Structure formats: structure tokens, C-alpha cells
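TrEMBL lists HIS123 with the feature active site, pros-phosphohistidine intermediate. Taken from TrEMBL, the feature ATP binding site applies to LYS13, PHE61, ARG89, THR95, ARG106, ASN120. Taken from TrEMBL, the feature domain 'Nucleoside diphosphate kinase-like' covers 5-140.
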Amino acid sequence: MTTSIEETLVLVKPDGVARNLTGRILARIEAKGYQIVDLRMVQADRALLAQHYAEHEGKPFYEPLVEFMESGPVVAARVAGHRVIEGFRSLAGTTDPTTAAPGTIRGDLGRDWGLKVQQNLVHGSDSPESAARELALWFD
Ligand code: GDP
Ligand code: MG
């Protein structure tokens, strides 16, 4: 299968940074063969998070999600490779870390902490359109 090189936005969320898992998470991305082509640590403000999570506005978990995401720094990575958008989503595992498959980042390193938001360590763009939109928010 031939595909052109894609880019995706990965965020190590505040729980991942606070638990000192940034290096392990980035190492897993590199070990799978993807390229980290840009990297920054960001204290996100509400305006940035409102744009980033616009699709979830109005949902019950939206407010706790934004509060969680602004609770501490995140590490934003621009990651490149063939089919990296679906590849990173697969590496991250499903949204709920309690049931995310072992072998995935969320499944191996995450769990439910009894909080109002799923602290699931990472974000990854879910489509080429989301990736372009989110990379522009976090990197341009
Ligand atoms: P993702 O693409 O797998 O990150 O999941 P979504 O885009 O659906 O949701 C964004 C983020 O909101 C997730 O990563 C979780 O941190 C949080 N979240 C999503 N759904 C729920 C939910 O049903 N309950 C709670 N508490 N948090 C959620
Ligand atoms: Mg999503």
C-alpha cells in the first residue's frame, strides 16, 4: 500500500506530564517508526482548548475536560509518517483507559482515577482534517 506522508498532532496530556511519562510515550512513538518533527511544552489557556475541543462543546464531560487540560502543561508533538493518523490512534488505544487494550499507551499506562474526566494520557488527531486544524492551533 502506498500513501503519502501524513502529519498528526499528539498531545501528552497533563496527567502524562505530571506522572513523568512524557519520555516513555514519545519513545513508543519513535519505536513504532514515526518521526517527531516538532515538539513544545505548552501551558494551554481556555481559548486554545475551546478551539481544540470545539466538537465536544455542550457534552457533559466538556467542562471537566477543559479544566483538566488547563490544570498543567502539556507536551505537543508534530508527528509524521505514512498513515500516522490512524497509526497513532491505534498505538494510543481506545478512549477509556480502563478497557483500552494492553499493549497500547492508554491500556498499559492509564486507568480510571474516579474523576469526572477520563485522564487518558494522550490526544491524537482523528482525521486528516482534524490534524490540519489542530496542528495549526498548536504550532502556527
Ligand atoms: P479521544 O479522541 O479518544 O481522545 O476521545 P474523544 O475525542 O471522544 O474525547 C476527548 C476526551 O474527552 C477524551 O480523550 C477523554 O479525556 C474525554 N472524554 C471523552 N468521553 C468521555 C466520557 O464519556 N466521560 C468522561 N468523563 N470523559 C470523556
Ligand atoms: Mg477525539
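From the backbone N, Cα and C atoms, a Cβ is placed for every residue, glycine too.
Shown on the structure are the features that TrEMBL records.
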residue : record           : DSSP (3 states)
LYS13   : ATP binding site : coil
PHE61   : ATP binding site : coil
ARG89   : ATP binding site : helix
THR95   : ATP binding site : coil
ARG106  : ATP binding site : helix
ASN120  : ATP binding site : coil
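Cα spacing between ARG89 (ATP binding site) and HIS123 (active site, pros-phosphohistidine intermediate): 8 Å, rounded to the nearest whole number.
Fewest Cβ neighbours within 10 Å among the recorded positions LYS13, ARG89, ARG106, HIS123: that distinction goes to ARG89.
Only THR95, ASN120, of the binding-site residues LYS13, THR95, ARG106, ASN120, place a Cβ under 6 Å from an atom of ligand 1. For the ATP site, whose binding residues are given in the record as LYS13, PHE61, ARG89, THR95, ARG106, ASN120, the maximum C-alpha distance rounds to 20 Å. The DSSP breakdown of the domain 'Nucleoside diphosphate kinase-like' (5-140) into helical (H, G, I), extended (E, B) and coil residues amounts to 59 helix, 30 strand, 47 coil. The most densely surrounded of the binding-site residues PHE61, THR95, ASN120 is ASN120 (count of other Cβ atoms within 10 A of its Cβ).
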